[in-house]
Amino acid sequence: MRPLTMSGHFLLAPIPESSSDYLLPKDIKLAVLGAGCVGKSAMIVRFLTKRFIGDYEPNTGKLYSRLVYVEGDQLSLQIQDTPGGIQAQDSLSQMVDSLTKSVHWAEGFLLVYSITDYESYQSIRPLYQHIRKVHPDGKAPIFIVGNKGDLLHARQVQTHEGLQLANELGSLFLEISTSENYEDVCDVFQHLCKEVIKVHRLGGERRRASVIPRPRSPNMQDLKRRFRQALSSKAKASSALG
């Protein structure tokens, strides 16, 4: 099931060897969070390379960087892959200690669970609540992703449960198969990038609106011209009196 579909061009561009060749765009910083073995690393690599790799060593928080084009705009995208040892029974303090740095750093979030692992689904709510605690203004976009949608025979989390949770939290929900559908994976990251860009633009508009324009100060040429005009007027007045 795909509750959301996106269209438009979204192309990967290699990172230049020398950053001096480019005027680097504003960074977009995303974090992918979730329990272990839900496919976070596979999602990121699938998006960046179009390749699906099923088995990964437990990660310790790898950071991926790419220049990408979103609807014709070049952006510097960074994606933080987070450690996956978080389960619903873990204490809040354990979760905060392991993820707070990434949550503070990122501007947009993917919360990933596996439809074959109900405990990974249960970890989504505390992750969401922690993000909102760190970003209390509620502006940071958060998407909930049910991964491994191709493993229907092993499903433990129904689609309506993902939708219900997303509705309760006020988040967007997608159910995808990283292994079978690259386009769905691309749509997830593409749409999240667009939401982060939207937040940036709204913030910029508010800052511009709050700035009071300074009165234009006369420059030296203006002052000289006015001085000459004053002298000329004074001379004409003197001649008329004589």
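Using the three backbone atoms N, Cα and C, a Cβ is placed for every residue, glycine included.
The feature region 'Small GTPase-like' is assigned by Swiss-Prot to 17-241.
Feature annotation from Swiss-Prot assigns GTP binding site to 34-41, 81-88, 147-150; the stated evidence is similarity to another entry. Neighbour density for Gly149 (GTP binding site): within 10 A of its CB lie 23 other CB atoms from the protein chains shown.
Gly34 (GTP binding site) falls within a strand when secondary structure is assigned with DSSP.
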